[in-house]
Amino acid sequence: MALKKPGSLTIAGSGIASIGHITLETLALIKEADKIFYAVTDPATECYIQENSRGDHFDLTTFYDTNKKRYESYVQMSEVMLRDVRAGRNVLGIFYGHPGVFVAPSHRAIAIAREEGFQAKMLPGISAEDYMFADLGFDPSTYGCMTQEATELLVRNKKLDPSIHNIIWQVGSVGVDTMVFDNGKFHLLVERLEKDFGLDHKIQHYIGAILPQSVTVKDTFAIRDLRKEEVLKQFTTTSTFYVPPRTPAPIDPKAVQALGLPATVTKGAQDWTGFQSVSPAYGPDEMRAVAALDSFVPSQEKAVVHASRAMQSLMVDLALRPALLEQYKADPVAFANTRNGLTAQEKFALGLKKPGPIFVVMRQLPSAIASGQEPSQEEIARADDATAFIIIYIVQG
C-alpha cells in the first residue's frame, strides 16, 4: 500500500448557534491544526476559533466581493486550503452549519486532496435543517421529506410533492450568484408554490437563532400572502421555508400486507441518494480563479473582528453557560454594567439584547480601527438584525 503524503485536510462545521454548536471533536482539531481556514457568519465564533487555535488562521470570506461570481470565490477558498496541504501542513477548514450541506468549497477541496494522495475527511456539523427539525418539531421520516435549494428547484423545473414535508433553502436569494442579494426573482418561487400547493396552504418561514441575543424566527404565512411587500421584506439570505404536507399519500393495503406490517402503519420509507461529480476539477474557469490568487489583494472594506478580550470571553460564556445567559436576559443593562473590561459601546450593545448591535461592536473596518474610530450609540442601536448575517454558501451551480 502506498504511503499517504505528508499533509492532511479535515473539514468541519461550526453549526448554526454561535460557539455552542461546535463539537468537542472539532474543538480538539482547532487546538491541534497547523493552519485553520474558516468561513463563519458571527464574530463570537470567529473569536472563539482564533482564541483556541495554536497555528495560523485565515478568514475565507475574504475572497467574497460584490462584483465577483461566488463560484470563483469557492474555487479560491478550496485552493488556498490545498496549498497548505501540499506544503505538508495539517489543515482544518471550518464552515458555518454542516460543512457538506450547501457548501461547495469543502467538497471540492476534499475531492482534489484525495485525488492527489492526501488524507482528507469531513466531520459532521449541525445544519439549518437539523436546527429546523428541533425548532419546528416534525420528523422527516413521517410521510417523507424533500429538501431543495430554491434556485435549483426552479432551474430544473422540479415539482414540489404535496404529500410530504418540503424544505426550501435560500429563499432570500433566488437566482443570485453574486454577493448582491436583491431577491428580485422571488415571485418565481411563489408561482411554483401556488401551482403545487394552492393559495391557502400555509408555510413556515424559519431562521435559526445564531447569537445568544438572537431570537428564532418561526412565522407562518399563507402562500397567497407571500406576494405582499411587507411579507417579502422579511426574507433574508438566512431564510428557509418549511412547507408541510397538504395531503399525505394513502397507505397501500397490498404493500402493507406483503410486508407483514400492522394495519396502522403510517410511516413511509426513506430514499437515500449519493453525490456525483461530473465536472473537471480544473477547467478553464477554475484555472482563471486559481491564477487570480497570486495577485489577490484583500479588500480594505471588509470588516474584521475587533472587540475587547472581555467581550470575546463574555460571548463565549453566554453561548456555553445557560444559567449565565438567563441572568443576562433577565436584565441585560444591569448585567452588562457589572462586567469588567467591556468598552462603553460593548455595554450599550449588550444592553439592547439584539444580535445586530453585537455585530456592530465586534467587527469594524481596518480603516476605522487604525483611526481609533468607534461606532456611535446611534449606529449601534440602528443595526438591523435581519441583515446582520450574510449567508456565505450556495449549492454548486
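The backbone N, Cα and C atoms fix where each Cβ goes, and this holds for glycine too.
Database features (Swiss-Prot):
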REGION    1-246  region 'Methyltransferase domain'
ACT_SITE  ARG70  active site
ACT_SITE  TYR74  active site
ACT_SITE  TYR96  active site
BINDING   TYR96, HIS98, VAL101, ALA128, GLN170, GLY208, SER239, THR240  S-adenosyl-L-methionine binding site
REGION    247-365  region 'Clasp domain'
REGION    366-388  region 'Precursor leader'
MOD_RES   ILE391  N-methylisoleucine
MOD_RES   ILE392  N-methylisoleucine
MOD_RES   TYR393  N-methyltyrosine
MOD_RES   ILE394  N-methylisoleucine
MOD_RES   VAL395  N-methylvaline
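Location within the structure of each feature annotated in Swiss-Prot.
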| residue | record | contacts (Cβ under 8 Å, 6+ apart) |
| --- | --- | --- |
| HIS98 | S-adenosyl-L-methionine binding site | GLY13, GLY15, PRO124, GLY125, ILE126, SER127, ASP130 |
| VAL101 | S-adenosyl-L-methionine binding site | SER127, ALA128, GLU129 |
| GLY208 | S-adenosyl-L-methionine binding site | ILE16, ALA17, ALA128, TYR131, MET132, ASP135, THR216 |
| SER239 | S-adenosyl-L-methionine binding site | GLN170, VAL171, GLY172, HIS205, TYR206, ILE207, VAL217 |
| THR240 | S-adenosyl-L-methionine binding site | ALA128, GLU129, MET132, ILE167, ILE168, TRP169, GLN170, VAL171, HIS205, TYR206, ILE207 |
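All protein chains included, TYR96 (active site) registers 28 other Cβ atoms within 10 Å of its own Cβ.
For the recorded site, HIS98 (S-adenosyl-L-methionine binding site), the DSSP three-state label reads coil. Across TYR96, HIS98, VAL101, ALA128, GLN170, GLY208, SER239, THR240, which the record gives as binding S-adenosyl-L-methionine, the greatest C-alpha separation is 16 Å. Separating the Cα atoms of ARG70 (active site) and TYR96 (active site) is a whole-number distance of 16 Å.
Distance noted between the C-alpha atoms of TYR96 (active site) and TYR74 (active site) is 14 Å.
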